[in-house]
Amino acid sequence: MSTFNRIHLVVLDSVGIGAAPDANNFSNAGVPDGASDTLGHISKTVGLNVPNMAKIGLGNIPRDTPLKTVPAENHPTGYVTKLEEVSLGKDTMTGHWEIMGLNITEPFDTFWNGFPEEIISKIEKFSGRKVIREANKPYSGTAVIDDFGPRQMETGELIIYTSADPVLQIAAHEDVIPLDELYRICEYARSITLERPALLGRIIARPYVGKPRNFTRTANRHDYALSPFAPTVLNKLADAGVSTYAVGKINDIFNGSGITNDMGHNKSNSHGVDTLIKTMGLSAFTKGFSFTNLVDFDALYGHRRNAHGYRDCLHEFDERLPEIIAAMKVDDLLLITADHGNDPTYAGTDHTREYVPLLAYSPSFTGNGVLPVGHYADISATIADNFGVDTAMIGESFLDKLI
């Protein structure tokens, strides 16, 4: 059995690898998710060239149909498989929480027709600002500011919208509604959405800048999540004195629970990789766990159904992967996975219920291969097993298979 001093987990947000067994219980624009396949459809429709992930074994992951442009390796450098989600949801928070060892048996509340008047009126009363009612529905984050940003600049009204996820999002032009005011309003919205019938996973502050027809969302986004309902492996590690480092929106997703070092938000995937590499180089980081989320795949290309952009984003990450590997120590373990799918060729604009890939690499490996198909929480079980903390949670460790 290998024991690693450091484990680095990188979540490629929404990079699914084929419909999950229960995918037809989920849908997009009325179309069941049963034919979704993020990586497969990208590879088939626009081509996919990711030689560095392929070298680890991406093309060796078991599939009914091999990835068209990602060949299997005869001698991969790592271990690979695909993982199934058991929780009742396909959103970011559910996926990440399950990866860290929780099973979400009751999904969060979603509002396909917008938020009820009771919630909107409370926010208006608290903020002293009106809410643009026409925006109160599932909306693309970029489209909603294109459509209502000019009006907000004139009136100072709030743009409140949702998505297929259990989220309430408030968009505000930074020159009209200052950040501290936006954050204060979001904190209030969080306080009134903590229980059913409005149990939301996240409240998201969505600041933006610019002029009409040229608005840009800024890096001052802030997520107000729920704390996990039970201890995750992050808490187990922190309680045992094992350092945990969060890169990107990980700290927000877990509401800071179990995070000992928040390395900040990412401005882009590339910036997130820079931050991860910087984190790996910290002199104090001799033992512990880093957890990185790279969200551009999902936020910029999956929801917008932009297969070419999604492919290019995967290419960009793959080009940076050797830098991550170069920053590893011999007793490090790198795990690359995803939290759900978001097939850019599929119906609708929502996430897709898919298996996610798992790639495992360490400079210390003497073997390679395909691991049994598992579940998201196998990752948390493996991390717990490696650091010798309580594993009384869902998931099965694959640590003893990494040689």
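Cβ from N, Cα, C; glycine included.
The Mn(2+) 1 binding site annotation in Swiss-Prot covers ASP13, ASP339, HIS340. Secondary structure at ASP339 (Mn(2+) 1 binding site), taken from DSSP and collapsed to helix, strand or coil, is coil.
If you look up Swiss-Prot, you'll see ASP298, HIS303, HIS351 marked as Mn(2+) 2 binding site. HIS351 (Mn(2+) 2 binding site) falls outside any helix or strand according to DSSP and counts as coil. Contacts of HIS351 (Mn(2+) 2 binding site) defined by a Cβ separation under 8 A and a same-chain sequence distance of 6+ are given as SER14, LYS90, ASP91, ALA164, ASP165, ASP298, GLY302, HIS340, GLY341, ASN342, in order along the sequence.
Most other Cβ atoms within 10 A: among the binding-site residues ASP13, ASP298, that distinction falls to ASP298.
The Cβ neighbour count for HIS303 (Mn(2+) 2 binding site), using a 10 Å radius over every protein chain in view, is 21.
Cα-Cα distance from ASP339 (Mn(2+) 1 binding site) to HIS303 (Mn(2+) 2 binding site): 15 Å (rounded to the nearest whole number). Apart from ASP13, ASP339, HIS340, the residues listed for Mn(2+) 1, the same chain places the Cβ atoms of VAL11, LEU12, SER14, VAL15, GLY16, THR92, GLY95, HIS96, ASP298, ALA338, GLY341, ASN342, HIS351, VAL356 within 8 Å of the centroid of those Cβ atoms.
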